[in-house]
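S.K.: My structure is below; once you've seen it, I'll send some questions.
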Amino acid sequence: MGTRDHAISKAAEASSNPATLFANSEAGHPSSEAGVARPTPGLAKNLTWVSMLAACVSLMATWEAFCSTMAAGLISGGPVSLVHGFILAFFGTIATALSLSEAASMIPSAGGQYHFVAELSPRSISRPLSWGTGWLTMFGWQSVAASAPFLAGTMIQGLLVLNDPTYVYERWHGTLLYWAILALALVVNIWGMHILPQVENATMILHVGLFIVLLVAICVVSPTKNSASFVFSDFENETGWQSNGVAWCIGMLSSAYVMVGYDGATHLSEEMTDPAIGVPRAMIGSLVINGTMGFAFLLAVLFCMGDIASAYETATGFPIIQMFYTITGSLSAATAMSTAVVLMATLATIPLVVSAARTLWALARDNAFPFARFLSRVDEKRGIPTLAIITTTLFLALLGLLNIAATTAFNAILSLFVVGLYLSYLLPVLAILWRRISRPQTLVYGPFKLGRFGTFLNIVSAL
């Protein structure tokens with residue numbers, strides 16, 4: 001077995017002291033010699049797999065995210081695109097998560113995807129692939145971390161429009177609210193990290209509890225019900241695209257988007273007590289829980305929402321707010337239901353910033369990001385990368401300025417970054433598939449192993 005292949009075996013054993021892939025290279029130029037460790041101050045291990053599961057469930061916030069993305073799907077393919085697109089996205093995401101879980105069990109590291117690529121890809125291309133994957137992951141996570149506070153801030157504006165006819169909607173109001181939510185997340189990330197497990201456990205309870213309350217309210221209170229043919233076969237194309245296939249694919253993205261974020265567990269693996277086992281449990285568990293709730297919420301809203309056109313005529317800017325009002329017939333009830341979404345989006349911002357900051361910190365630790373020495377520092381008192389957390393929050397705050405100029409520009413940047421995050425999922429799957437086929441004897445698996453289904457699941461993930 002060669003030096004590089006032997007490194008994979010070493011990485012599988014190094015969950016408490018992960019390999020520093022770029023330690024022997026200049027900043028920003030990854031080394032191909034994986035498995036060379038550089039001593040760095042350790043992060044505090046505050047998380048069990050249960051608290052990690054709670055964090056992943058909370059940050060994915062699938063049913064809450066649907067309150068934002070569902071609107072685009074209703075005019076881009078309609079209910080049929082949302083429902084069938086969700087089913088396709090769910091099983092495809094499960095296959096991808098299983099593939100990444102196997103890699104995470106072998107190579108537990110805050111770097112996540114880019115460490116997997118560096119360890120598993122062909123040596124001749126591992127340098128550019130791992131570097132590119134790291135940057136895609138980092139910017140993708142910045143985008144995901146920005147989406148939750150933006151949803152919460154702008155939805156508050158929608159509630160103001162609903163309840164106060166004199167309120168004048170201004171984009172900068174939404175940016176200020178967005179900044180306030182980021183500030184809350186920053187405070188918890190720095191001064192409340194020691195209670196993060198308790199915060200996330202409570203958030204998951206709220207996430208499930210409020211889902212049940214809203215689901216029952218939607219199904220019981222709604223005065224009318226749409227037909228099954230509307231929910232499962234109605235097609236809409238108000239996008240301007242002449243091709244219905246293009247419209248359907250755009251609508252499916254609304255369902256695919258709510259599935260991102262499960263890899264947050266990998267970026268917190270160095271703060272877990274047993275990441276080789278805990279990370280796969282958290283990733284798969286969060287998808288199963290959120291996928292089930294997300295699909296149930298989607299079906300309930302589609303059956304009870306009323307007319308699509310009336311939802312889009314709302315002045316709130318959020319069709320879901322109008323749907324809640326149509327379903328309940330009560331301004332107070334619609335406000336309460338929308339407030340539940342705002343609350344959960346606000347709480348989801350906390351673990352989102354945690355994971356985004358750890359991704360940046362991992363890149364800096366490996367000399368793959370500018371100002372690496374500065375950003376890779378760990379606060380020895382708190383056991384957290386304080387400077388990476390602050391930098392992440394400042395970057396997210398700057399992104400909010402785009403909303404003042406044009407909300408379309410803000411959404412376009414976030415969408416571009418999310419595409420990058422999906423690409424960061426694909427590259428390590430291709431790397432492990434290549435090694436599984438060409439050099440299976442060099443793979444030293446962790447506790448979580450796909451076995452005979454590995455190749456099939458890797459191929460499904462890549463598709």
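Glycine is treated like the rest: Cβ placed from N, Cα and C.
Automatic, uncurated: that is what TrEMBL annotation is.
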S.K.: Give the range, chosen from 115-138, 139-162, that TrEMBL lists as transmembrane segment.
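M.R.: Comparing 115-138, 139-162 with TrEMBL, transmembrane segment matches 139-162.
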S.K.: Given the ranges 340-363, 436-459, which one is assigned the annotation transmembrane segment in TrEMBL?
M.R.: 340-363
S.K.: Under a criterion of three or more Cβ pairs within a distance under 8 Å and sequence separation of at least 6, are the transmembrane segment (174-192) and the transmembrane segment (139-162) in contact?
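M.R.: In contact, yes.
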S.K.: Compare 204-224, 245-262, 282-303, 384-406, 412-434 by their Cβ pairs under 8 Å to the transmembrane segment (340-363) and return the stretch that comes out on top.
M.R.: 384-406
S.K.: Between the transmembrane segment (245-262) and the stretches 82-100, 139-162, 204-224, 282-303, 412-434, work out which stretch tops the count of Cβ pairs under 8 Å.
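M.R.: Maximum Cβ contact count belongs to 82-100.
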S.K.: If contact means at least 3 Cβ pairs within less than 8 Å, sequence distance 6 or more, would you call the transmembrane segment (139-162) and the transmembrane segment (282-303) in contact?
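M.R.: Per Cβ check, the transmembrane segment (139-162) does not touch the transmembrane segment (282-303).
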